[in-house]
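Asker: My structure is below; once you've seen it, I'll send some questions.
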Amino acid sequence: MRLVLLGAPGSGKGTQAARLKEHLQVPHISTGDLLRAEVAAGSKLGLEAKEVMASGNLVSDEILLGMLEDRFSRPDTRDGFILDGYPRNLAQADALDKLLTRIRQPMDYAVQLDVPTDLLVERIAGRAKAEGRADDSPESVRTRLKVYDDQTAPVIEFYRQHGQLTVVDGVGGLDDVFNRIIEALVPAKEVG
Ligand code: B4P
């Protein structure tokens, strides 16, 4: 199964992707994690990405596409994947669509986790305390939410127009949200 998780920062994409990975037995590809690994390794790409990420802005489309092409070239993605954090703007959505068409792996589902803004802020503040991630500071969070509204929200419409979008209520306990996602993945023909 090939699935992309969409949603604002703090909507639970990374959290649910980790669970879906176990359930579906396909790799979890998080562009945020890939970038953080580059930063931690001190690579040239990581050095370029570090400050942009800490500010809450988006790293360049060119870097992201190169990273993604590289990841999709690995054999573990042949039976599917869970993509988390990409695409984050319409140019990335278009590039991904072309890439998946080229490698004959069209997306099966785009799942949007829907969570109100005040709860997003609350969740990220909780993570800031627990993990101290550089981009979870209040200033960066404000930027990330604005970038989401301006650049990423239109991606939801892109998938709606392609008939691939499923909206899932992302409010509630981790198990509740997980169960809602699983229910949303049942093909319409099996529903009855
Ligand atoms: P990401 O790593 O994707 O960060 P994120 O949007 O905050 O989502 P994440 O998956 O980590 O958090 P989640 O909602 O699961 O990106 C970080 C940065 O990398 C970006 O700002 C950008 O600079 C760069 N980047 C990444 N992809 C890019 C791209 N494609 N193009 C350009 N730049 C890119 O969880 C948040 C918190 O909520 C957690 O503490 C979790 O425990 C909690 N939570 C989750 N579900 C919950 C629930 N049901 N109830 C209560 N708490 C919950």
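Please read every residue number as a count from 1 along the shown chain.
Backbone N, Cα and C define each Cβ position, glycine as well.
Unlike curated entries, TrEMBL annotations are predicted automatically.
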Asker: Using only what TrEMBL says about ATP binding by GLY10, SER11, GLY12, LYS13, GLY14, THR15, ARG127, identify which of GLY66, GLY80, GLY172 is listed for that site too.
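Answerer: Only hit among GLY66, GLY80, GLY172 in TrEMBL's ATP site, alongside GLY10, SER11, GLY12, LYS13, GLY14, THR15, ARG127: GLY172.
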Asker: Return the residue out of ARG19, ARG74, ARG104, ARG144 that TrEMBL annotates for the same AMP site as THR31, ARG36, ASN57, LEU58, VAL59, GLY85, TYR86, PRO87, ARG88, GLN92, ARG133.
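Answerer: Answer, per TrEMBL (AMP site with THR31, ARG36, ASN57, LEU58, VAL59, GLY85, TYR86, PRO87, ARG88, GLN92, ARG133), from ARG19, ARG74, ARG104, ARG144: ARG144.
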Asker: Do any residues, 6 or more residues outside the region 'NMP' (30-59), come within under 8 Å Cβ-to-Cβ of it, and if so which ones?
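Answerer: Sequence-remote neighbours of the region 'NMP' (30-59) are 13-14, 17, 67-68, 71, 84-86, 88-89, 134-135, 139-144, 147, 151.
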Asker: Using a 10 Å radius around each Cβ and all protein chains in view, which of these binding-site residues has the most neighbours: SER11, THR31, ASN57?
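Answerer: Answer by Cβ density within 10 Å: SER11.
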Asker: Please report the distance from the Cα of ASN57 (AMP binding site) to the Cα of GLY14 (ATP binding site), rounded to the nearest angstrom.
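Answerer: Just about 18 Å between their Cα atoms.
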Asker: To see if you understand the setup: which same-chain residues, six or more apart in sequence, place their Cβ under 8 Å from that of ARG133 (AMP binding site)?
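Answerer: For ARG133 (AMP binding site), the qualifying residues are ARG127.
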Asker: Rounded to a whole number, how many Å is the Cα of GLY172 (ATP binding site) away from the Cα of THR31 (AMP binding site)?
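Answerer: Cα of GLY172 (ATP binding site) to Cα of THR31 (AMP binding site) measures 25 Å after rounding.
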